[in-house]
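Visitor: Could you have a look at this structure, given as structure tokens, before my questions?
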Amino acid sequence: MSDILVVNSGSSSLKYQLIEMTTERTLASGLIERIGEAGGGRAVHTLPWDEVPSVDRTDAPSTTERELPVRDHVAAFGVMLEAFEAHGPSLDSHRPVAVGHRVVHGGKRFFEPTVVTELVKINIADLAELAPLHNPANLQGIEAAQQVFPDVPHVVVFDTAFHQTLPPAAYTYAIDADVAEQYRVRRYGFHGTSHKYVSEQAAQLVGRPLAELKQLVLHLGNGASITAIDGGRSVETSMGMTPLEGLVMGTRSGDIDPAVLVHLHRRAGYDFDDLDTLLNKRSGLLGLAGTNDVRDVLAGRAGGDDAATLAFDVYVHRLKAYVGAYYAQLGGVDVISFTAGVGENAAPVRAAALAGLERLGIAIDASRNEAQSHEARVISTDASEVVVLVVHTNEELEIARQTLEVVRG
Ligand code: ADP
């Protein structure tokens, strides 16, 4: 047996997935949300169809849901254990050999998956300065999981790690160098686990060695980023010191003239918390169209809604600008992959982002692009020099793979 439990702990949520590593099959996954909230929490546990006892098989997959109070992260792990006990698979026969944890910010210290020690935890806590919403919550999850699984190694996999190969020209902000050094102000990049996984899948799909390929990965979820990958190494990415920089996202503005902040402070009395909330939570598609869900934006646009149409246009305009910039940085591209909720599902976004780029060797096939499928697939024309793909991202599997690699040595 070589099962890995993957944990993604947020401030009020815990996501988990148990993966059997010989076949890389998910045995169960779950989400516990509203942890510590007065109104009570919610727990969902899902089994893939072939893990459901045959007498219970009705539809695939099988999901059970509970509403219950969940005091804190330790209690959330208790709820998870109860779900495994009640609905399977049994953790006695599927005892994880290690627990892999997603951690958002690894700063410049962590460039590879790392076994959790007291020192590692101190470093993750120290990096909370750069990711105040994420790292403390990740750490809470690690400490709770260590209480529940004290006898197995715990491994941390950082969202930033894949981007530690960025050259100085790409990660340095052009500000006073001493200030930047003192306060660790530089670009780190995020979604690294997804960019790495998808670029490896893409290389397999086109049947060429990763080392030979120049790739763009467009991770378009609620958060969104694009990465230029040369020979398997991240060389440029759109998120910066925090996940706010770069593309237009569900609720984040992405790139903006920094002087806008000064202006809003001086003219409208916004303080730093107001600005943080404005740019991270009230901007992007939500700010422009009143919804952060691309499905609603597409529906609004199809129905002739002006705000939804503008939101769509701004979103793909930025995306195309980045595709062009990174194409230039790489000096050409072999493969472009779309991934995550928007990238995998929103055909109009893919079509508009790459429209009119035939002179760059990029041509989308309309019917391939519009076909709905969960399979990884080519959506460019046979004549397109650049192969354009839709690839399902699987950050949990990537974390599990890296965790196993570390514990196997
Ligand atoms: P997260 O960044 O939260 O992990 P996901 O990668 O799951 O997000 O992406 C979530 C987003 O994907 C949703 O907010 C929605 O905008 C978009 N999305 C999901 N399904 C579709 C769909 N069928 N068509 C268009 N957009 C979709």
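Positions of Cβ are set from backbone N, Cα and C atoms, glycine also.
Just so you know, TrEMBL annotations are computer predictions that nobody has curated.
From TrEMBL, for reference:
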| type | residues | note |
| --- | --- | --- |
| ACT_SITE | Asp159 | active site, proton donor/acceptor |
| BINDING | Asn8, Glu395 | Mg(2+) binding site |
| BINDING | Lys15, His219, Leu220, Gly221, Asn222, Gly223, Asp293, Val294, Arg295, Gly341, Val342, Gly343, Glu344, Asn345 | ATP binding site |
| BINDING | Arg102 | substrate binding site |
| SITE | His191 | site 'Transition state stabilizer' |
| SITE | Arg252 | site 'Transition state stabilizer' |
Visitor: Measure from each Cβ of the recorded positions His191, Leu220, Asn222, Val342 to the atoms of ligand 1 and list the residues where some distance is under 6 Å.
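Guide: Correct list: Asn222, Val342.
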Visitor: In whole Å, how far is Leu220 (ATP binding site) from Asn8 (Mg(2+) binding site) when you measure between their Cα atoms?
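Guide: The Cα atom of Asn8 (Mg(2+) binding site) is 19 Å away from the Cα atom of Leu220 (ATP binding site).
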Visitor: When you measure from the Cβ of Asp293 (ATP binding site), which residues in the chain that are at least 6 apart have a Cβ under 8 Å away?
Guide: Gly250, Leu285
Visitor: Do you know offhand how many angstrom separate Arg252 (site 'Transition state stabilizer') and Glu344 (ATP binding site) by C-alpha?
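Guide: So the alpha carbons of Arg252 (site 'Transition state stabilizer') and Glu344 (ATP binding site) sit roughly 20 Å from each other.
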Visitor: Grab the ATP binding residues from the record (Lys15, His219, Leu220, Gly221, Asn222, Gly223, Asp293, Val294, Arg295, Gly341, Val342, Gly343, Glu344, Asn345) and give me their largest CA-CA distance in Å.
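Guide: The widest Cα-Cα gap among those binding residues is 24 Å.
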Visitor: Is it possible to get the count of other C-beta atoms within 10 angstroms of the C-beta of Glu344 (ATP binding site)?
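Guide: A count of 19.
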Visitor: Hey, what's the Cβ neighbour count for Asn222 (ATP binding site) at 10 Å?
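Guide: A count of 17.
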Visitor: Across all chains shown, how many C-beta atoms besides its own are within 10 angstroms of the C-beta of His191 (site 'Transition state stabilizer')?
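Guide: I get 29 for this one.
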Visitor: Are there recorded positions among Asp159, Leu220, Asn222, Arg295, Val342, Glu344 that sit within 10 Å of the residue listed as 'substrate binding site', Cα to Cα? If so, list them; otherwise say none.
Guide: Asp159
Visitor: Pick the one among the recorded positions Asp159, Glu395 whose Cβ has the fewest other Cβ atoms within 10 Å in this structure.
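Guide: So among Asp159, Glu395, the recorded positions given, the one with the fewest Cβ atoms within 10 Å is Glu395.
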Visitor: Please determine which of the recorded positions listed here (Lys15, Arg102, Arg252, Arg295) has the lowest count of neighbouring CB atoms within 10 Å.
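Guide: Among the recorded positions Lys15, Arg102, Arg252, Arg295, the sparsest Cβ neighbourhood within 10 Å belongs to Arg295.
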Visitor: Counting distance between Cα atoms, which of the recorded positions His191, Leu220, Asn222, Val342, Glu344 is nearest Asp159 (active site, proton donor/acceptor)?
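Guide: Of the recorded positions His191, Leu220, Asn222, Val342, Glu344, His191 has its Cα closest to that of Asp159 (active site, proton donor/acceptor).
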Visitor: Can you tell me how many other Cβ atoms are located within 10 Å of the Cβ belonging to Asn8 (Mg(2+) binding site)?
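Guide: Around Asn8 (Mg(2+) binding site), other Cβ atoms within 10 Å: 21.
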Visitor: Would you mind pulling the DSSP three-state label for the residue listed as 'substrate binding site'?
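Guide: Note: the residue listed as 'substrate binding site' is in a strand by DSSP.
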Visitor: Could you check what DSSP calls Asn222 (ATP binding site) once collapsed to helix, strand or coil?
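Guide: In the DSSP reduction, Asn222 (ATP binding site) maps to coil.
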